[in-house]
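Here the structure is laid out as structure tokens; the discussion comes afterwards.
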């Protein structure tokens with residue numbers, strides 16, 4: 001499955017890994033009523049499956065991630081799939097949660113078999129809008145069905161069925177990944193022992209809905225989007241998706257983090273150059289760089305579909321007739337919620353609401369709010385502080 | 001100058017007004033080193049100039065405003081120039097600060113002669129990028145010089161010279177308007193008795209620089225922008241400027257305000273419709289409406305130039321060699337700073353820094369932080385709570 005890489009810290013890495021692919025035998029029934037077939041799932045695994053198949057942890061990625069969560073990719077794409085600040089100083093080809101997954105790490109591969117899949121609708125190996133529509137022989141584009149977080153989770157369920165894995169010791173993820181973890185606890189209560197939603201929510205707050213709407217509009221207003229049928233035209237809505245990425249990027253960080261990192265430093269000199277078109281402040285140049293890197297590795301339609309899924313996600317509406325407590329009534333998993341004090345996109349209050357609902361139901365729940373300055377990106381950056389919390393939680397008896 | 005309008009509350013309105021225009025006799029020397037000529041200034045006045053010409057208050061508008069600050073426009077454009085939430089429920093044709101300017105109001109036209117100009121670079125009557133460049137006979141577009149807040153203030157100074165007004169009893173404004181007020185206090189210390197910067201700053205914080213960069217990039221990445229030479233082509237970067245406006249709009253509000261107003265309510269029904277392209281949540285529909293209204297009344301190049309000016313604005317860099325205290329060393333005006341607790345774009349901390357610097361210099365300064373939930377837009381919305389503060393401040397002896 002993996003081999004130690006001598007270039008990495010001894011005993012701390014899962015080594016060199018390779019993304020693999022699996023075709024689901026059956027169609028996936030979607031919330032919108034359509035059946036999707038065929039569905040291919042890109043995945044990686046780290047550690048060894050126990051004979052009793054009871055040591056499986058599923059990690060779920062966020063909007064811009066992929067299946068490559070840990071270790072060094074055999075064929076590095078050259079662009080990390082980490083979000084935001086996390087992208088910098090992060091080794092080329094390293095998985096987006098490499099600091100969290102490996103021997104002795106939060107998700108300890110000496111003990112657990114960690115599985116990571118690219119989500120349904122993705123553009124990194126799992127079936128999504130850029131995949132071939134069997135009905136036409138061309139990429140789906142806007143004909144791809146509108147998917148939900150529950151659809152992503154059902155796809156993971158079907159994928160694990162093929163691997164012969166019935167139960168999960170845990171499902172964990174940050175942001176949209178945390179939504180998937182929560183959805184697992186609700187949809188498959190008998191099949192997951194613990195969930196760890198990090199920097200996440202039961203329903204995106206209206207301001208987050210607004211940011212996502214702006215990001216999607218920016219893509220769709222780009223004429224190169226062509227109604228979503230840009231594949232093979234030699235054009236793609238890079239301009240619009242670049243703006244979408246810049247918006248996202250600023251919302252993933254805190255204002256103090258931007259101040260600490262860039263201040264109002266000018267890019268090239270001590271004096272302003274009186275330019276409209278060129279970046280003048282360091283932060284302006286940084287944002288453009290983030291946009292340019294992102295559009296090289298990501299599909300705009302996947303951005304649209306995934307952004308839509310995470311704004312639709314609303315446990316109370318989907319499962320509780322408007323009541324979060326009712327939605328969580330069937331949860332059997334232990335829950336560890338982690339939130340970050342400076343995360344204004346997925347604020348700690350959302351995790352507190354989940355905690356209160358579960359507590360009112362008498363279910364085992366723990367909330368840790370970590371004081372950290374980097375905003376939403378903390379779920380990628382504050383690996384050292386999350387590690388002991390997660391290790392202790394996983395070590396608790398069920 | 002104005003006449004009472006029977007349709008408005010008796011005694012509370014300046015009545016029906018008309019924007020007028022004045023051509024400056026001399027070129028305006030700009031910070032970038034260029035001279036700009038001709039320069040036309042659009043303006044309105046409310047109240048009567050005293051025989052000693054000592055009752056003049058200049059009000060300065062923010063990014064998307066214009067000279068029509070109070071009263072009912074004789075030829076309403078149909079689109080209010082108020083920002084954000086303030087646009088709603090605001091009478092058609094009413095000035096953007098109508099609640100603040102008039103008989104018995106904060107800026108009391110029974111006592112003061114209130115002057116409002118469209119800023120340099122504007123698109124509502126004052127010379128800007130959409131004006132004709134005398135060198136070519138065509139609109140300036142990207143050949144318009146890159147202007148600063150100081151250039152805006154020098155233009156106001158030259159305009160007031162023509163009116164025969166030497167001293168100002170006060171300069172007041174919110175946001176970018178507050179920057180102009182501060183710049184007045186620094187550039188013309190002997191000519192202004194009091195300044196009232198509201199929801200403003202001495203230098204935009206890095207996150208604000210980022211938002212503005214994203215807004216400008218969104219416009220410039222729109223192919224219809226055509227390098228700024230879109231006039232007369234039948235196209236304009238409406239798509240990009242719409243996104244810019246949506247970004248701005250969300251930053252002008254607070255997350256709680258968006259939650260209170262829209263929550264996660266769906267637009268058309270109780271059920272999601274599985275749509276990528278159509279607005280689904282009320283907040284999504286609202287943002288598109290804001291974008292569409294804005295692009296009908298505003299010039300994209302003016303947005304670029306004004307946004308650039310407000311990111312460049314930095315009193316410490318411009319006037320103090322990096323020290324705010326040194327920059328403010330020559331200020332002679334009394335200063336009233338008003339900030340709003342929920343304003344995360346121009347947070348109260350910026351006003352506190354100005355207050356501390358002025359206090360350290362032994363200069364008369366007062367800071368009022370108003371607890372209010374609407375974010376940056378409070379400077380337009382919280383008129384009732386600003387009024388007694390401003391009236392009391394203006395009534396104090398110099």
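Using N, Cα and C of the backbone, Cβ positions are placed for all residues, glycine too.
Among the features that TrEMBL reports, active site, nucleophile is placed at B:175. Under the three-state DSSP scheme, residue B:175 (active site, nucleophile) falls in the coil class. Neighbour count (other Cβ atoms within 10 Å of the Cβ, all protein chains): 29 for residue B:175 (active site, nucleophile).
Per TrEMBL, the feature active site maps to B:343 (among others). Counting Cβ atoms from all protein chains shown, residue B:343 (active site) has 29 others lying within 10 Å of its own Cβ.
Annotation source TrEMBL lists active site at B:376 (among others). Following the DSSP three-state reduction, the secondary structure of residue B:376 (active site) is helix. All protein chains included, residue B:376 (active site) registers 27 other Cβ atoms within 10 Å of its own Cβ.
Positions annotated as substrate binding site by TrEMBL: B:245, B:377.
As annotated by TrEMBL, domain 'AB hydrolase-1' applies to B:56-381.
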| query | Once the DSSP letters are reduced so that anything not helix or strand counts as coil, what is residue B:245 (substrate binding site)? | reply | helix
| What is the pLDDT of the domain 'AB hydrolase-1' (B:56-381) when averaged and given as a whole number? | 95
| field | residue B:175 (active site, nucleophile) as reference: those recorded positions from B:245, B:376, B:377 with C-alpha within 10 Å of it | value | B:376, B:377
| note | CA pair residue B:245 (substrate binding site) / residue B:343 (active site), Å rounded to integer, equals 18
| request: Whole-number Å only: compute the distance from the Cα of residue B:376 (active site) to the Cα of residue B:343 (active site). | output: 4
